[in-house]
């Protein structure tokens, strides 16, 4: 059996590692680099990947694709995609299925196809080093990637000719890399992962359980559209504005100039991590009637920090939520690990140190830790490494839509995976022969506010009154965080299932706000829940009253029947509205209108039972029943209660 390689498929750079004996090793690419730019370029006669693609970007900006990971598993209409369209020199196009694809030389291509080119380069790098064919890999994804984005990453692996043995979360992989060579007691670590395009925070407990290293993720959170690329954009905007002030020329319409500006901004940002000031000098950036123009701007570290401070602050809110979800306070965190190239920025390091109240460790390579962790996980799967147990979690709650547009969770966020949970539901209408299972991901109580992952129908239910059929819905999440959903009619054994292969990702607003919105809108959600409960209660009352009215037949007077039917009509109208009080008052009215009918029905029932039981009652008069219990009651004063 060949080696299972570990690949960190990054937004900006990618990295590949293996386990040599019991030591992880990052493999250098053909250019000698330990990381490879995640850039793919299409020229007239070839496809370039990595450093060679990056080198020619200035002369070929519209066919050089970078930061494709930010599009993977996303819809074209997503806000973040629309924002990205304005920022990149290449063309983002709408696919037939509504996904965000790219258009290269008139040909539409899916993000997994582009990512597959980077994965092929990683695969070839490993094969050249090992001298043998590589067919299996563990690939990492941001912890906050949703189901669609994980699926798309798996697809990219398959396109690259790799069997993806496991998709694991980047912070978890980094914790594996950190924890494997650290002997010591149990500890809690916070992995702060700010990469090129995504941000994750995971709180992980590392414990020694009977000689086995156990890595348990307690909570995770993040933002899939926050990373180094955003820091670059702030600096690019600033440089373009400064140039416009000096020359009156707006560079934003010139892809060639913007590509040069992008490279210069990235270089300046890196330089400012170790120096206080740098010059951005771009001769012949453009020209007008008066001749060529040169860009020369001094940028200080303080200026860069003022441009990006809001982005760093934005990363702290997910940290707060992750701490809260894990049940830990910042003082209980033993170690802070920084992952991702953007964490080299002094401002990021100081803000994280202030937040957690301790300095982050400096012995973890932020560019390589994730790939090393993936390689360790690969060795665990192949059996080369034993005594390691990894317990990861699902980042967002998974639910189905139930009556009244309510999102009913089956699996809560931060549940350890793999996991399988079932819940029994029933029908909302009489003689309903089919149910639609609508699968959702997110934290809101209202179904429409969550991310729709897919839907399917379970048909062929035998006609029965509402509430009678028993439909068991099962959610099964595998170790890759990918979900299988099935629905089974318990009476007939009929079953329908779906592997959630949603083709879109969550937009920035959706993913960034899902958990935060759920908290901010707690009152709104509570109100909605109460309204939905009242509607369902009213619906049940209408159904029960109509059934009793039908059973009562001629025992109800014409006036009573008219009054009851009028009250039903009023209640049905109220159910359509959004006024909980109106629904409840109409329910009261219907209960009052139908009370005399109910009394007659009970009286008739009692009379029938009374006739049958009369003789027995006479025999039993004055005698206590055999099974009656004599009991003494003692009043307990409040002061005597223990």
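Residue numbering: from 1, along the chain as shown.
Just so it is clear, glycine is given a Cβ too, placed from its N, Cα and C backbone atoms.
Residues annotated as phosphothreonine in Swiss-Prot, with sequence analysis given as evidence: 198. Same-chain residues at least 6 positions away in sequence with a Cβ under 8 Å from that of residue 198 (phosphothreonine) are, in sequence order, 11, 69, 70, 142, 144, 145, 222, 223, 224, 225, 226, 227.
Per Swiss-Prot, compositional bias 'Basic and acidic residues' is recorded for 578-589. Residues 527, 530-531, 534-535, 537-538, 541, 567, 570-571 of the same chain lie 6 or more positions beyond the ends of the compositional bias 'Basic and acidic residues' (578-589) yet place their CB under 8 Å from a CB of it.
Annotation comment: Swiss-Prot describes 578-642 as region 'Disordered'.
Residues or ranges marked as compositional bias 'Low complexity' by Swiss-Prot: 603-619.
DSSP assigns residue 198 (phosphothreonine) to coil in the three-state reduction, outside any helix or strand. Across the compositional bias 'Basic and acidic residues' (578-589), DSSP helix (H, G, I), strand (E, B) and coil residues number 10 helix, 0 strand, 2 coil.
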